[in-house]
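Peer 1: Quick one: the structure is below, questions incoming.
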């Protein structure tokens with residue numbers, strides 16, 4: 001497994017909509033394994049393919065140590081391909097979020113408290129999942145990436161511009 005390079009804002013790829021995975025191959029699964037290794041390396045809770053420069057509708061998630069629900073031992077990591085959000089709670093919950101593609105930024109985001117998704121798993125099998133609390137938040141955050149939306153898009157234009165300037169400065173100091 002390889003650690004993949006992270007795409008950070010203001011890279012334009014992060015604003016593009018990802019395309020569905022049409023074929024499940026060993027290469028697809030190897031890529032998902034590489035995404036997972038990369039997410040762990042970055043201490044992330046989730047990662048979307050676009051965050052490693054691939055515009056495909058693939059998410060990996062592992063919040064095993066922070067999940068409020070007791071789940072089977074083999075539940076995590078989650079490999080979520082071509083997800084669709086099929087239900088959303090009306091109740092919104094605001095919480096602080098971070099993002100691997102927005103280093104050193106924390107932003108308050110209001111999201112539905114629970115969701116239900118339909119997706120393909122690691123083996124291409126169709127599944128449905130009801131998620132609430134932190135898992136629902138992480139899925140929605142990563143799903144936003146597939147739609148070309150970042151957590152800073154929930155901010156006012158002024159606040160978003162301030163964050164983008166900070167990120168540009170940070171990127172220039174690293175390179």
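A Cβ is built for glycine as well, from the same backbone N, Cα and C atoms used for every other residue.
Note that the structure is predicted; figures quoted are calculated from it, not measured.
Pulled the feature table from Swiss-Prot, pasting it below:
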- 99, 141, 145: Fe cation binding site (BINDING)
- 142: active site (ACT_SITE)
Peer 1: I'd like to know which of the binding-site residues 141, 145 has the most other Cβ atoms within 10 Å of its Cβ.
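Peer 2: Most Cβ neighbours within 10 Å: 145.
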Peer 1: Which secondary structure state does DSSP assign to residue 142 (active site), in the simple three-class scheme?
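Peer 2: Reduced to three states, the DSSP call for residue 142 (active site) is helix.
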Peer 1: Residues with Cβ closer than 8 Å to the Cβ of the residue listed as 'active site', same chain and 6+ apart in sequence?
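Peer 2: Spatial neighbours, sequence-distant, of the residue listed as 'active site': 46, 47, 48, 59, 61, 80.
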Peer 1: Might you list, by sequence position, any residue in that chain lying six or more from residue 99 (Fe cation binding site) with a Cβ less than 8 Å away from its Cβ?
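Peer 2: Non-local contacts for residue 99 (Fe cation binding site): 105, 141, 150, 151.
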Peer 1: Apart from 99, 141, 145, which residues in this chain have a Cβ no more than 8 Å from the mean position of the Cβ atoms of those residues at the Fe cation site?
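Peer 2: Neighbours found: 46, 48, 51, 97, 100, 101, 142, 144, 150, 151.
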